[in-house]
Amino acid sequence: MGIEFLKGHGTENDFVVLPDPDGVLDLTGERVRALCDRRRGLGADGVLRVVRPDFGPWFMDYRNADGSIAEMCGNGVRVFAHYLVHAGLEAEGGFVVGTRAGERPVLAHPDGSVTVDMGPVAVTGAGTATVAGSAFDGVAVDVGNPHLACVTDVPVAGLDLEEPPGHDAALFPHGVNVEFVNVLGDGALRMRVHERGVGETRSCGTGTVAAVAAWLHGEGRRTGEATVDVLGGRVTVVVEEETATLTGPAVLVARGELDQAWWDSL
Ligand SMILES: N[C@@H](CCC[C@H](N)C(=O)O)C(=O)O
């Protein structure tokens, strides 16, 4: 009997989901890297291990594709919540998901989309990202994990994000997710992102919240709402005084078993 997995995505930010209610899987960095590898594994931007603690809600143990651990993943919470409903472990509607950044209330909608209460969002400073020798002014945004969100007039579609953007390491001692954001109109943004521990991804939920917070900050506003177009689709973000919400699709595409011998060899 192999190890159960599912594959899913939220606006094409894709994840391997590993149901592990009793917390018995030894999810090493090497196993995460192998699972996420698009040639020698299943391929994904990250892994969501589904754990049921003795007390409290289902816990999302999130890992980046390079095996590193991150505090929070907004698209991951949507896929995680959708999986819980799909598996009959939670009912559609409101429930809570545990993350390393704290508990995140979610609302699982009948169409499979999910709204996540992302918790407080804070603009904590200013920084600069560098891409191919060009500098982009940005703001540091804490969404439970670190972001440098750069609102720019340079069309983001043309940026080469193959290499990690340069940034001020002293400002982000634990690394950073970097967003490049175009304003398409009032309440309409376009974003590309280079994620810490992954590379360029087709969407980043916490990144879209950071993008909206950065746009509002530039407008001298603290609260507001925007759609954010990413390479993998569209999400909606609402920033309020005390919290922010992220709404978007969540899709499960496959379910199967990992080969036990392959797992054991890692
Ligand atoms: N894709 C995620 C963010 C995942 C974590 C990030 N790479 C980090 O290291 O902080 C999202 O949807 O928020």
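Keep in mind that glycine also has a Cβ here, set from the backbone N, Cα and C atoms.
Copied over from TrEMBL, here are the features:
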type	residues	note
BINDING	N13, N64, G74, N75, N145, N177, E195, R196, G205, T206	substrate binding site
ACT_SITE	C73	active site
ACT_SITE	C73	active site, proton donor
ACT_SITE	C204	active site, proton acceptor
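All features noted in TrEMBL, drawn onto the structure.
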residue: N13; record: substrate binding site; DSSP class: strand
residue: C73; record: active site; DSSP class: coil
residue: N145; record: substrate binding site; DSSP class: coil
residue: E195; record: substrate binding site; DSSP class: strand
residue: C204; record: active site, proton acceptor; DSSP class: coil
Neighbours of the substrate site N13, N64, G74, N75, N145, N177, E195, R196, G205, T206: Cβ within 8 Å of the Cβ centroid, same chain, sequence order.
A70, M72, C73, G76, V193, V198, T201, C204, G207
Cα-to-Cα gap, N13 (substrate binding site) vs the residue listed as 'active site', nearest whole Å:
10
Please find which two of N13, N64, G74, N75, N145, N177, E195, R196, G205, T206 have the most distant C-alpha atoms, given that the record lists them as binding substrate, and give only that distance in angstrom, rounded to a whole number.
17
If I take the alpha carbons of G205 (substrate binding site) and the residue listed as 'active site', what is the distance between them in whole Å?
7
Within 10 angstroms of the C-beta of the residue listed as 'active site', what count of other C-beta atoms is obtained when all protein chains are considered?
29
